[in-house]
Every structure is written in structure tokens, then in C-alpha cells.
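K.L.:
Sharing a structure here in C-alpha cells format.
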Amino acid sequence: MDISVTLRGQTHDLALKNPVLTASGTFGCGLEFAPYGDLKSLGGIVVKGISLLPREGNPCPRVVETAAGMLNAVGLQNDGVEDFCAHKLPSLPWRDTPIIANIYAASTDEFADLAARLNVEDGVAALEINVSCPNVAKGGVLFGQDPVLTAAVTSAVRKAAPRKHVMVKLSPNVTDIALMAKSAEDAGADSVSCINTLLGMAVDLRLRRPKLANVLGGLSGPAIKPVALRCVWQVARAVRIPVVGVGGIVNAHDALEFILAGAHAVQIGSGNFMRPDCAFTVAAQLPAACEKIGVKSMEELRGTLQNGSALQRKHPAMA
Amino acid sequence: MDISVTLRGQTHDLALKNPVLTASGTFGCGLEFAPYGDLKSLGGIVVKGISLLPREGNPCPRVVETAAGMLNAVGLQNDGVEDFCAHKLPSLPWRDTPIIANIYAASTDEFADLAARLNVEDGVAALEINVSCPNVAKGGVLFGQDPVLTAAVTSAVRKAAPRKHVMVKLSPNVTDIALMAKSAEDAGADSVSCINTLLGMAVDLRLRRPKLANVLGGLSGPAIKPVALRCVWQVARAVRIPVVGVGGIVNAHDALEFILAGAHAVQIGSGNFMRPDCAFTVAAQLPAACEKIGVKSMEELRGTLQNGSALQRKHPAMA
Amino acid sequence: MQIKPILSRLPALEVTPFGPAGPEGEYRFFALRLPRPSWKNWRPGQFLMLRPAAFGLELPWARPFSICHTTARCLICFFQVCGRGTRRMAQLKHGDEVNVWGPLGNGFAVEPDSQTLLLAGGMGIVPFVGYVNAHPKPWNTSMLFGHREPLKCYPVDNIHEYIPLDSLRETTPGELDNFIFTLNERMRDCAEQNGLVLACGPLPFLQTVRNFARELKARTQILLENTMACGVGACLGCMTRTSDAWPTPEKRGGLVQACRQGPVFWADQVKL
Amino acid sequence: MQIKPILSRLPALEVTPFGPAGPEGEYRFFALRLPRPSWKNWRPGQFLMLRPAAFGLELPWARPFSICHTTARCLICFFQVCGRGTRRMAQLKHGDEVNVWGPLGNGFAVEPDSQTLLLAGGMGIVPFVGYVNAHPKPWNTSMLFGHREPLKCYPVDNIHEYIPLDSLRETTPGELDNFIFTLNERMRDCAEQNGLVLACGPLPFLQTVRNFARELKARTQILLENTMACGVGACLGCMTRTSDAWPTPEKRGGLVQACRQGPVFWADQVKL
Ligand SMILES: Cc1cc2nc3c(=O)[nH]c(=O)nc-3n(C[C@H](O)[C@H](O)[C@H](O)COP(=O)(O)OP(=O)(O)OC[C@H]3O[C@@H](n4cnc5c(N)ncnc54)[C@H](O)[C@@H]3O)c2cc1C
Ligand SMILES: Cc1cc2nc3c(=O)[nH]c(=O)nc-3n(C[C@H](O)[C@H](O)[C@H](O)COP(=O)(O)OP(=O)(O)OC[C@H]3O[C@@H](n4cnc5c(N)ncnc54)[C@H](O)[C@@H]3O)c2cc1C
Ligand SMILES: Cc1cc2nc3c(=O)[nH]c(=O)nc-3n(C[C@H](O)[C@H](O)[C@H](O)COP(=O)(O)O)c2cc1C
Ligand SMILES: Cc1cc2nc3c(=O)[nH]c(=O)nc-3n(C[C@H](O)[C@H](O)[C@H](O)COP(=O)(O)O)c2cc1C
Ligand code: FES
Ligand code: FES
């Protein structure tokens with residue numbers, strides 16, 4: 001079965017042999033997972049967030065498990081874009097699998113510099129803009145929580161990286177995610193991915209301390225799947241560019257739910273921690289899962305969710 | 001051990017024999033749970049949402065289970081305020097346990113009418129304003145997603161119910177929940193409760209339909225506890241009025257986590273579905289749970305979360 | 001005469017598979033034996049909410065099951081694996097903790113001297129095990145049972161002992177037509193003697209029964225297995241719409257709770 | 001010479017409690033026996049990530065455990081119940097599915113001809129079971145073991161067979177002082193012969209060892225049990241800060257992954 005998809009952007013398309021990508025920050029630079037599956041079998045690899053200069057990130061503890069999910073406050077630790085281009089990218093199978101660089105910066109200008117740097121790397125197929133990082137310049141507001149800032153960052157990256165597909169990763173911590181998506185679309189984004197983590201917190205009752213050194217962290221995993229699905233559905237109805245679904249996907253069934261809700265592709269995040277072959281398995285099992293529901297291509301399923309108003313539960317006649 | 005608390009409001013205090021309330025919509029009118037515990041042992045009972053006129057609510061299916069949580073789209077079904085005052089309130093042990101009426105309406109005026117009607121009922125100790133319901137007048141925006149509308153509803157209810165403690169229930173589906181809390185405080189709220197459900201969705205892949213007839217629903221249960229804790233922490237730092245924590249609390253340990261994060265009291269919601277004695281058990285086990293962490297009153301624990309920056313994991317010396 | 005429900009924390013005694021195993025060695029039908037809670041009595045058609053501690057936080061809801069049978073010391077439920085919860089129930093081991101609250105809901109009518117026709121589709125047979133056992137004059141009752149799996153997948157022994165049981169297995173569309181034809185005939189016979197028809201099974205089956213009941217003016221009750229989050233009347237997730245025949249005028253055409261006003265309804269009083 | 005990790009889906013063979021049961025009949029220490037995955041070899045100090053299917057969606061993370069011991073056909077882990085995950089592991093039954101990936105991390109140094117002192121605190125004894133078994137000249141090794149629970153709670157038999165094991169139980173503060181005194185003496189002896197000190201145990205214990213190592217200039221490795229979400233280098237949750245003695249200059253004073261650059265570190269190269 002052909003489960004390839006193309007993310008048809010406003011400027012650049014991104015062709016994927018299957019709709020299963022890995023989510024940034026949960027799959028290292030990719031090579032960490034090579035022992036558990038064939039990286040070339042993935043639709044694409046979104047590498048962990050990259051900044052212009054190396055960043056140490058937040059102090060530990062940075063991760064904590066929660067009911068059907070986890071919180072993280074890694075805080076953008078990475079060795080910077082030069083290290084990525086020199087040491088990581090060359091080892092990745094970028095000729096066979098699109099490598100998507102997840103980027104963040106503290107200002108629009110810095111975003112542009114970073115995008116320009118990656119624009120010249122043949123190994124990078126697309127840029128995913130992480131607009132959920134703190135905008136240091138604007139006093140703690142996040143780029144992704146303001147439609148004007150979202151547009152500014154998107155168009156800066158769009159201009160600085162004319163050779164690349166530009167994907168904007170949306171934050172769910174907003175009153176109206178569709179508004180942010182439209183802003184990104186209007187500013188030239190080729191696609192949007194949603195969602196990044198939900199802002200959360202955990203405390204240690206005995207020590208009377210937050211469980212994360214950073215106090216606040218991002219919630220991910222199966223717990224947030226209903227929120228992610230809702231965001232994908234809202235965004236897919238609001239924009240014409242493709243939507244990539246992220247949030248709580250751990251198997252092929254989950255992935256197809258997102259496609260049904262309107263996603264063109266999906267990303268596997270925390271699922272990679274449940275089993276390091278999670279993303280590989282989702283990609284491998286997708287054809288069989290499609291067959292089971294009588295679907296022959298991704299287009300046939302995508303966004304075909306029927307209206308709920310006519311809902312009536314169907315039961316098997318007799319069991 | 002004395003675990004009583006008083007929610008010291010701007011206009012009216014609300015004294016509770018213990019900080020464990022039930023969350024609206026998950027405990028019926030209270031009597032449904034009488035077989036499973038002593039209603040008088042609860043800190044208070046928040047009854048299910050009441051409107052001026054009877055409402056049928058949304059079509060079924062209205063509830064669906066998700067990973068460590070559930071979605072509901074009951075849609076405000078209730079028999080109206082007159083039925084509540086005539087048939088339900090008299091059977092409740094309101095002389096022994098504060099009864100808190102959760103109210104919603106489609107306009108500020110309707111909120112005022114409803115509040116005025118309940119203001120004359122001795123059996124009602126407090127009103128909890130549900131600002132997460134659709135504001136029909138303003139085209140689908142929710143009262144609770146706009147600080148100006150939140151303030152308008154709060155002050156309308158405050159004026160119409162001068163005899164009652166007024167609690168405002170905040171929605172987490174906003175960019176900045178502290179802003180909404182401040183607006184409620186400035187408009188005269190005696191306390192705030194947070195959080196209401198997170199907007200979510202579930203789909204049936206085989207039928208290609210939303211699992212809820214209403215398509216969208218509210219996510220609750222342990223899955224959202226990290227988000228609720230974060231909201232309580234943010235809100236408690238932003239306002240001077242008491243905060244009531246709601247979201248994913250299923251045992252005394254969870255309850256104390258919220259108090260540590262700054263809550264004066266808590267509400268048990270979906271936990272009542274896990275075991276119908278959940279709220280009773282949390283109330284009953286709270287003293288022992290306090291003892292275990294060496295706390296002698298709620299004040300001693302409340303809001304004493306240490307800063308995360310100095311965080312260092314403590315291990316037992318040898319095990 | 002309301003029966004007060006009780007919440008109990010019980011150790012599972014035994015989970016017994018029924019019928020042949022599937023191609024991968026898996027069973028789908030099970031009897032779960034629990035110690036009998038301290039209930040005084042219960043009515044067949046009533047149900048309980050059952051939640052093994054093993055559901056953890058992942059599955060927050062208990063699951064509703066008809067009370068199948070009780071002995072002086074045991075409570076027996078009978079279930080089919082059809083999702084995440086029942087799959088875990090099938091793995092219960094002796095001693096594993098199960099939270100149970102019940103008896104809940106209203107139960108089937110018992111008219112000892114009326115001819116009583118029991119109509120069961122698949123798992124719909126479960127409440128009739130208790131019904132037949134409790135009926136003061138079982139010779140006035142008879143059963144028609146339609147099913148897809150081999151008969152030994154279902155708890156029929158206990159019924160066989162007391163009353164005649166006609167069972168028809170549906171494996172082809174023709175057999176389904178045949179079953180529906182027999183259903184109609186049996187309901188007609190029963191209606192002619194002003195008998196009582198009681199039905200439990202999947203929704204399409206109940207819809208057929210309801211249609212025949214209307215046609216034949218057969219006094220018919222049906223048990224609705226709506227999705228339930230709480231079982232006690234709090235979540236408003238289990239609603240069923242009433243018809244104009246609903247007894248209290250203010251609820252006619254409105255929504256009632258399957259867990260409180262049901263799960264057993266008079267077929268003419270609800271819309272399916 | 002990197003050992004390539006493998007992901008295996010294994011049926012649990014057996015969970016055996018160790019030591020006496022607690023006041024409520026519960027055990028806290030267990031050996032888990034699994035079929036041996038198709039690993040070629042592994043180094044003591046390496047660990048694996050272990051995730052029973054029973055974790056469901058509620059506990060998304062696997063848990064890290066030192067590889068205790070392997071035989072031709074079996075892999076043995078040894079664990080203490082200390083939270084939700086280990087509690088469920090203690091309930092594993094024969095045949096229950098367990099996902100396992102490993103061997104991971106780097107393992108302890110082996111210097112056959114150096115005098116090697118093994119320092120274990122509590123569960124920190126686990127990696128030394130394999131170490132002692134694999135050591136080509138066990139007579140050059142000896143062990144000091146500090147513990148709080150009775151000795152039979154721990155997997156000491158396998159160690160006893162090969163090497164001298166001094167064990168000191170800590171139940172009063174005085175006994176702890178005594179243990180620390182002995183620790184210092186033993187490390188001093190070892191340092192004087194330019195021996196190798198290897199330590200595993202809770203953080204305060206490792207901090208003490210690290211301080212003595214500095215003081216006595218003892219060549220010392222420690223195994224850090226940091227919280228791990230992935231075990232493979234992806235989550236960046238297991239970081240440890242390096243000291244100025246870290247071999248590669250660009251990482252000096254920076255953060256390294258306990259799951260990849262560790263879990264075994266030279267004591268002078270990290271900050272605790
Ligand atoms: C009053 C009552 C009595 C019942 N008695 C019995 C009984 O005696 N024996 C028995 O085997 N089952 C009985 N059921 C049905 C039983 O409750 C469901 O099979 C069970 O809840 C499914 O749980 P699960 O976790 O395995 O499925 P889930 O994972 O929750 O769902 C799996 C699939 O089953 C569907 N489903 C979920 N709940 C129900 C439901 N209540 N009815 C029909 N489909 C559902 C879901 O939509 C989904 O497609 C009864 C239900 C009710 C309301
Ligand atoms: C490399 C490595 C090797 C290990 N080897 C063993 C072993 O051989 N035997 C053994 O019993 N344990 C070992 N551990 C520790 C073991 O992984 C934890 O005990 C386990 O993850 C706790 O899981 P839980 O679900 O029971 O606890 P949780 O419910 O996750 O947590 C319960 C409590 O334990 C604390 N905790 C969680 N993870 C850790 C951790 N990694 N270290 C210390 N405290 C923690 C939590 O903060 C919390 O206070 C090892 C850890 C590492 C990193
Ligand atoms: C440990 C961790 C680190 C993450 N780092 C990043 C990051 O650097 N950039 C980014 O855009 N998203 C990051 N995310 C968010 C994920 O890419 C993803 O959006 C989120 O986890 C939701 O998906 P999931 O539920 O499948 O995990 C991170 C998530 C986790 C758990
Ligand atoms: C079935 C159901 C119905 C609810 N109805 C109401 C309601 O009428 N008014 C309201 O303010 N909140 C309502 N809520 C939200 C809860 O009161 C609570 O805020 C939310 O469920 C989070 O708490 P929990 O995680 O403990 O369930 C409802 C929740 C559920 C699950
Ligand atoms: S099951 Fe909750 S109201 Fe009926
Ligand atoms: S455990 Fe995930 S990076 Fe080390």
C-alpha cells in the first residue's frame with residue numbers, strides 16, 4: 001500500500017514516504033535510535049531543538065513522569081547549530097529520509113540568522129519553528145502565544161531560508177490556536193505542526209518542592225492526546241496548509257485518528273520513551289492498520305471525520 | 001487534627017470543616033452519593049450546574065474515557081433553578097455542610113437573575129460561577145476566555161447575590177489564567193476555583209466520527225493534574241483571594257499537593273467515578289496524610305512550596 | 001422499595017474462561033467469581049459497577065455488568081472481552097482487588113403467573129441467569145436465545161436446568177432472518193396470552209424487539225446497555241430519550257438516566 | 001568497543017521475593033528472572049531499561065536496572081519496591097510480557113591485577129553480582145557492603161561464593177559512623193596499593209566515597225542512578241555535571257548523560 005504523503009506548502013513541498021515523523025526533543029539527533037530500527041524507514045526525523053549558540057538548558061531534575069504522561073523542562077539544551085551541521089547531520093541518512101531541524105531563538109533576528117545558516121545545508125529538508133520558547137526580548141511572553149509575534153518569526157524564517165520547507169510548531173497554551181495557525185499561514189508557513197507541550201507542574205509533597213528544578217514544565221504523552229486531536233481538528237479547519245499532528249501518539253491507531261481529524265502527517269514524541277522502536281513500529285504497522293479500516297491511502301482518510309450531530313452509536317447485531 | 005479552613009473572601013467568608021469539596025457535575029446534587037458516605041463529612045458540596053430555565057444539554061454520546069482521564073460534553077443539562085430550590089436543596093444537609101451552587105447562564109443579565117434567585121435561599125452557602133460556558137450573545141467566545149467578560153459576570157453576580165460567597169471557576173483554555181483570576185478578584189470575587197476542563201476531542205476511527213455527539217468536550221481526571229497544579233500555582237501567586245484547586249485529584253496525597261501549591265481547598269471531580277466514596281475517603285484520610293508529612297494544619301502547608309532553583313534530589317542514606 | 005447499593009472492595013476468587021479458545025489461544029468469554037458483598041437482596045436486571053484496582057489511573061471508569069448470579073457466598077459476573085477494561089478483567093488472578101458497587105438500577109418485572117418470554121441476544125443472556133433462578137414459577141417462563149459464538153461460550157447451564165431454552169446460532173444472514181422470524185412468532189404467542197416479554201442484547205436486536213412489541217402490542221421490557229461513567233446518576237452520560245408513553249408528564253420526550261430509571265425500561269416508553 | 005543494545009519483548013519467568021516479609025505480609029526485595037535476550041555480551045555496571053506491558057499507558061517510562069547476572073539462558077535483575085513501577089514489577093506473573101532494552105551505558109573498569117575494592121550501599125550491590133562473576137581474578141577483589149535491611153534481602157550468595165564480603169548493617173546512627181570509618185580504612189588500604197575502588201549506592205553514600213577518594217587519591221569509579229526517561233540518550237533528563245577533570249575539554253563543567261557517558265563515572269570527573 002502506498003502511504004506516502006506530500007506536505008504541499010505555499011513555497012516548498014515536503015515529500016514523505018510515510019506520514020510518521022519523530023517529534024523534536026524525544027528522538028535525540030536520530031542516531032540514538034539506530035539500534036532499534038531503520039532510520040530510513042521513517043517518514044522523517046525532526047531532530048532536537050537547535051539554537052544559534054550552544055545552550056546548557058535548565059538544571060536537573062528536568063523530567064518527571066505523570067499519569068499517562070510526563071513533564072519536561074529540558075530548556076533547550078543543545079550544542080548549537082555549528083555542531084549540528086558539522087557532527088550530527090553528516091551521519092544522518094538525509095538522502096533517504098527528510099531531516100527536519102527544529103529551531104528556536106530568543107528574537108526574530110536570531111531566528112533569521114539560524115534559518116539562514118541552515119538554509120545552505122543540503123541535509124536539512126525543512127525547518128520547524130518552535131515558537132513556544134520564551135521570548136527573552138519581550139518579557140516572558142511566548143512568540144507562540146501572540147499572533148503578531150508568530151507571524152513575525154514565521155516571515156523572518158521564511159525569508160531567511162528560501163530553499164526550505166517551513167513548518168511552524170504551535171503551542172496549545174493559548175485561547176485560540178486556530179488564530180495562531182492562520183497567522184503562521186498568512187506569514188508564509190508551508191505547514192504547521194501541533195501541538196507542543198501543555199504547561200504543567202508537579203510537586204514533591206515530602207520535600208515541599210517542585211519536582212522540576214524549573215518549577216514549570218511541558219506535559220506530553222497519552223494524557224494530552226484528546227487536547228492534541230482537538231487542536232489538529234480546529235487548525236485543519238482554519239488553514240489550507242498541511243497540519244502535522246503531535247501529542248500522545250503511541251501506535252498506528254492513534255496516528256490514523258489524527259489523520260482522520262485532518263492531519264497530513266504525525267510526530268511520535270514521548271512514545272519513543274515507552275519503547276525505543278515506537279516510531280518505527282507505527283510506520284511499519286500503518287499499512288495494516290489502514291487495511292483494517294478499509295482505507296487505501298492517506299488522502300482517502302484525511303479529514304473525513306463526519307459531523308457529530310448525526311451520531312448514533314452502532315452496535316454489532318449480536319455478539 | 002483540625003483540618004478546617006476558611007475561605008476569606010472580599011465580602012463573605014466560607015467556613016469549611018475540611019478542605020474537601022466535590023466538583024460540579026461529578027457529584028449529582030449530592031444525594032446520589034449518600035449510599036457511599038456521610039455527606040456531612042465533606043467540606044462542602046458543589047452541586048451540578050444550574051441554569052435559570054431547565055436545559056436538556058447535548059445529545060449522546062456525551063462521555064468518553066481517555067488515557068487517565070475522560071471527556072464530557074454533557075452540555076449543562078439540568079432541571080432549572082426552581083426545581084433545584086424546590087426539590088433538591090431541601091433534601092441536602094445544608095445546615096451541616098455548605099452547599100455551593102454552580103451556576104451558568106448565556107448572558108450577564110441572566111447570570112444576575114439566577115444569582116438573585118439563589119441569594120434568597122438559606123440552603124445555599126456560595127455561588128460558583130461557571131464562566132466556561134458559551135456566551136451566546138458574543139458569538140461563541142467564552143466568558144472565561146476574556147478578562148472583561150469575566151469581570152462583568154463576576155460583578156453582576158456579586159451585586160445580585162449580596163448574601164453569598166461568590167467563587168469564580170476559571171477555565172484553563174486561556175493564554176494567561178492569572179489574568180482571568182485577577183479580573184475576577186478585581187470584580188469582587190470572594191474566591192476562585194480552578195480548573196474547569198481542558199478542551200479536547202476523541203474520534204472513532206472505524207466509524208470515522210467524533211466519539212462525542214458534540215464533537216468537542218472537556219478533559220478531566222488524573223491526566224490533567226499537572227495542568228491544574230500549574231494553574232493553581234500561577235493563580236495563587238497572582239491574587240489575594242483564596243484559590244480552590246480542581247483537576248485530577250483522587251486521593252489525599254493529591255489534595256495536599258494542591259494545598260502545597262497554594263490552594264485553600266480542593267474539589268474532587270472525575271475521581272467520584274473511579275470510586276463513589278472517593279471524596280469521602282479523601283476527606284477522611286486527610287488528617288493521617290498530614291501527619292505523615294508532619295503538618296498540623298492546612299495553613300502550615302498552604303503555599304509553602306520552595307523555590308525550584310535550589311532543588312537537589314534527596315536520597316535516603318542507604319536502603 | 002429501593003435496594004440500597006453498597007460499595008465493596010473484594011478479592012477476585014476466580015476468572016473462568018468459557019467456550020473454545022480463539023486462533024491465537026485467547027478466550028473471549030469469562031465468568032468472574034467474587035465473594036458475595038453484604039447485599040441483602042437484588043433484582044435480576046440490576047447491575048453493578050466493577051473496577052479492578054489494576055485499572056490504575058489509566059482507566060478511570062468502572063464498568064457496568066449485569067448481576068449474573070449469586071450464591072450464599074459468591075457473586076458471579078459474566079463478561080465478554082471487548083475493550084481495554086474487559087481485557088484486564090480477563091487477567092484477574094485470585095486475590096486481586098476489585099471494587100464493586102451495586103446493586104444498581106431497577107431490574108426486570110416479575111409476574112409469576114404471566115407467561116414470560118425471555119429474549120436474549122449474545123451477552124444479553126447474562127441477567128436472565130439470575131432471573132430464571134429467582135423466578136417463583138420458572139415453568140411459566142421460556143427463552144429464545146440468539147448468538148453468534150458456540151453455545152458453550154455462554155452461561156446457559158444454569159438456565160437449562162430450570163426452563164426450556166431455544167437457541168439459534170447466527171453465522172449466516174439466512175440464519176439471522178430465521179431468528180427474527182422465530183422471534184416474531186414467539187412474541188406473538190406471548191402477546192396473545194397477555195404475557196410478559198423481557199429482552200436484553202445489542203441495540204439492533206432490541207430495536208427489532210421494540211418494533212415487534214409495538215406491532216403485536218406485546219408488553220415488553222428491554223435492558224439498555226448504555227455507556228456509563230458512574231452508574232449512580234451523577235455523570236449524565238447514560239441518558240435515554242423517553243417517548244410520549246413515559247409515566248411522568250414532565251419527562252415525556254426528555255432524557256432519563258439508564259443507570260437510575262433503567263437499565264430496564266418498558267419498550268414503549270423509550271426511543272431507541 | 002561499543003556493545004550494541006537490543007530491544008526484546010520477553011515473557012517474565014519468575015519473580016522471587018528476598019528476605020522476610022514486612023508487617024503487612026509484603027515483600028520489598030525481588031529477583032526478576034527473564035529469558036536471556038540475544039545479547040552477545042555485556043559489562044557489569046551496564047544497565048537495561050525494563051518496561052512490563054502492565055505499565056499500560058499510565059506509566060509511560062521504562063525503569064532502569066543494573067544487570068545483576070546472566071546465565072546461558074537467563075537474565076536476572078534485582079530490585080527493591082520503591083514506587084509505582086517497581087510495585088507492579090513485583091506482581092509480574094510467569095508469562096507476563098516485559099520489554100527490555102540493553103545493555104546500556106558503559107560499565108565498571110576491570111583491572112584484573114589491581115586490588116579492587118567494591119563498595120556497595122543497599123541496592124548498590126546489584127551490579128557487583130555480575131562484576132564478581134565476570135572478574136578474571138576474583139581473589140584480587142573484596143567488598144564492603146553497608147545495608148539497612150537484613151542481609152538476606154540482598155543478592156549476596158553469588159558474591160560470597162567468589163570473594164570475601166564484609167557486611168555492616170546500619171540500624172543506628174552509631175553503626176553508620178562505624179561503617180563510614182571502615183569505608184575510609186578500606187579505601188586507604190586500597191589507595192596505598194594503587195588499587196581500584198568501585199562504588200554503587202545512594203547519593204549520600206557516593207558523596208562520602210567521592211570525598212574520601214579525593215582525600216586519599218584513590219582511583220575510584222561510581223555508578224550514578226539518575227532519573228531516566230529513555231535510557232538511550234534522547235530525553236536529556238539524566239544529566240550529570242562534569243568537573244574540570246573531565247577528559248574532553250569542551251564538556252568540562254558541562255552536562256553529560258548518565259545513560260550514555262555513564263552510569264559509571266570516575267569520581268573525580270563529575271560533580272555530585
Ligand atoms: C447495565 C449494563 C449491563 C451490562 N452487562 C454486561 C454483562 O453482563 N456482560 C458483559 O460482557 N457486558 C455487559 N455490559 C457491557 C459492558 O459494560 C461493556 O462491554 C464494557 O463496559 C466494555 O468495557 P471495555 O473496557 O472492555 O471496553 P472499552 O474499551 O471501554 O470499549 C470498547 C468498545 O466497546 C464499546 N462499549 C463501551 N462501553 C459499552 C457498553 N456499555 N455497551 C456497549 N458497548 C460499549 C466502546 O464504544 C468501544 O467500541 C453491560 C452494560 C450495561 C450498561
Ligand atoms: C543505571 C541505574 C541502575 C539502577 N539499578 C537498580 C537496580 O539494580 N535495582 C533497583 O532496585 N533499582 C535500580 N535503580 C533504581 C530504579 O531505577 C528505581 O528504583 C526505579 O526506577 C523506581 O521506579 P518506581 O516506578 O518504583 O518509582 P517511581 O514511582 O518512579 O518513584 C518513586 C520514588 O523513587 C524516586 N526515584 C525514581 N527514579 C529513581 C531513580 N532512578 N533512582 C533513585 N530514585 C528514584 C522518585 O523520585 C520517587 O521518590 C537503578 C537506576 C539507574 C539509573
Ligand atoms: C523531553 C522532551 C523534549 C522536548 N523538546 C522539544 C524541543 O526541543 N522542541 C520542540 O519543538 N518540542 C519539544 N518537545 C515537544 C515534543 O516535540 C512534542 O511536541 C510533545 O512532546 C507532544 O508530543 P508527545 O505527546 O507525543 O510527546 C519535547 C518533548 C519532550 C518530552
Ligand atoms: C461529567 C462532568 C460534568 C461536569 N459538569 C460541570 C458543570 O456543570 N459545571 C462546572 O463548572 N464544571 C463541570 N465539570 C468540571 C468539573 O467540575 C471539574 O472542574 C473538572 O472535571 C476537573 O476536575 P477533575 O479532574 O477532578 O474531574 C464537569 C466535569 C465532568 C467530568
Ligand atoms: S452512568 Fe452516570 S448518570 Fe448514569
Ligand atoms: S535517560 Fe534519556 S538521555 Fe539519558
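Cβ coordinates come from backbone N, Cα and C, glycine included.
These came from TrEMBL, pasted as-is:
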| type | residues | note |
| --- | --- | --- |
| BINDING | C:Arg63, C:Pro64, C:Phe65, C:Ser66, C:Gly85, C:Thr86 | FAD binding site |
| BINDING | C:Cys230, C:Cys235, C:Cys238, C:Cys259 | [2Fe-2S] cluster binding site |
| DOMAIN | C:5-110 | domain 'FAD-binding FR-type' |
K.L.:
Are there any residues in the same chain, six or more apart in sequence, whose C-beta is under 8 angstroms from the C-beta of C:Gly85 (FAD binding site), and if so which?
P.N.:
C:Phe55, C:Leu59, C:Trp61, C:Arg63
K.L.:
List every residue in the same chain as C:Cys235 ([2Fe-2S] cluster binding site), at least 6 positions away in sequence, whose Cβ is under 8 Å from its Cβ.
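P.N.:
When sequence neighbours closer than 6 are ignored, C:Cys235 ([2Fe-2S] cluster binding site) has C:Met228, C:Ala229 within Cβ distance under 8 Å.
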K.L.:
Taking only same-chain residues 6+ apart in sequence, whose CB is under 8 Å from that of C:Pro64 (FAD binding site), what do you get?
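P.N.:
Expected: C:Phe47, C:Leu48, C:Met49, C:Leu50, C:Leu104, C:Glu225, C:Met228, C:Gly231, C:Cys259, C:Pro263.
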K.L.:
Among C:Arg63, C:Pro64, C:Phe65, C:Ser66, C:Gly85, C:Thr86, which the record lists as binding FAD, how far apart in Å are the two most distant Cα atoms?
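P.N.:
Pairwise Cα check on C:Arg63, C:Pro64, C:Phe65, C:Ser66, C:Gly85, C:Thr86 gives a maximum of 16 Å.
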K.L.:
Does DSSP give C:Pro64 (FAD binding site) helix, strand or coil?
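P.N.:
Looking at the DSSP assignment, C:Pro64 (FAD binding site) belongs to a strand.
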K.L.:
Which of these binding-site residues, C:Pro64, C:Thr86, C:Cys230, C:Cys235, are close to chain B by Cβ (under 8 Å)?
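P.N.:
Contact set vs B: C:Cys230, C:Cys235.
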K.L.:
Which one of these binding-site residues, C:Ser66, C:Thr86, has the sparsest Cβ neighbourhood, judged by other Cβ atoms within 10 angstroms?
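P.N.:
If we count Cβ atoms within 10 Å for the binding-site residues C:Ser66, C:Thr86, the smallest count is at C:Thr86.
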K.L.:
Got a sec? Which of these binding-site residues, C:Phe65, C:Cys238, has the most Cβ atoms within 10 Å?
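P.N.:
Buried the deepest by this measure is C:Cys238.
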K.L.:
What is the set of residues, excluding C:Arg63, C:Pro64, C:Phe65, C:Ser66, C:Gly85, C:Thr86, whose C-beta falls within 8 angstroms of the centroid of the C-beta atoms at the FAD site?
P.N.:
C:Met49, C:Leu50, C:Ala62, C:Cys77, C:Phe79, C:Met89
K.L.:
Relative to the Cβ position of C:Arg63 (FAD binding site), how many further Cβ atoms are located within 10 Å?
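P.N.:
If we count other Cβ atoms within 10 Å of C:Arg63 (FAD binding site), we arrive at 23.
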K.L.:
What is the three-state DSSP composition of the domain 'FAD-binding FR-type' (C:5-110), stated as helix, strand and coil residue counts?
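P.N.:
In the domain 'FAD-binding FR-type' (C:5-110), the DSSP-based counts are 10 helix, 47 strand, 49 coil.
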K.L.:
Over all shown protein chains, what is the count of other CB atoms within 10 A of the CB belonging to C:Cys230 ([2Fe-2S] cluster binding site)?
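P.N.:
Neighbour count, Cβ to Cβ under the 10 Å cut-off: 29.
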K.L.:
Given the binding-site residues C:Phe65, C:Ser66, C:Thr86, which one's Cα is the least distant from that of C:Cys230 ([2Fe-2S] cluster binding site)?
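P.N.:
The answer is C:Phe65.
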K.L.:
Any idea what DSSP makes of C:Cys230 ([2Fe-2S] cluster binding site), helix, strand or coil?
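P.N.:
SS state of C:Cys230 ([2Fe-2S] cluster binding site) = coil.
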K.L.:
Cβ under 6 Å from an atom of ligand 4: which of these binding-site residues qualify? The list is C:Arg63, C:Pro64, C:Phe65, C:Cys235.
P.N.:
C:Cys235
K.L.:
Taking just the CA atoms, what is the gap between C:Ser66 (FAD binding site) and C:Cys238 ([2Fe-2S] cluster binding site) in Å?
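P.N.:
Pair distance, Cα basis, whole Å: 15 Å.
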K.L.:
If the criterion is a C-beta within less than 6 angstroms of any ligand 5 atom, which of the binding-site residues C:Pro64, C:Phe65, C:Cys230, C:Cys238, C:Cys259 pass it? List them in sequence order.
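P.N.:
Correct list: C:Cys230, C:Cys238, C:Cys259.
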K.L.:
According to DSSP, which of helix, strand or coil covers C:Cys259 ([2Fe-2S] cluster binding site)?
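P.N.:
It is coil.
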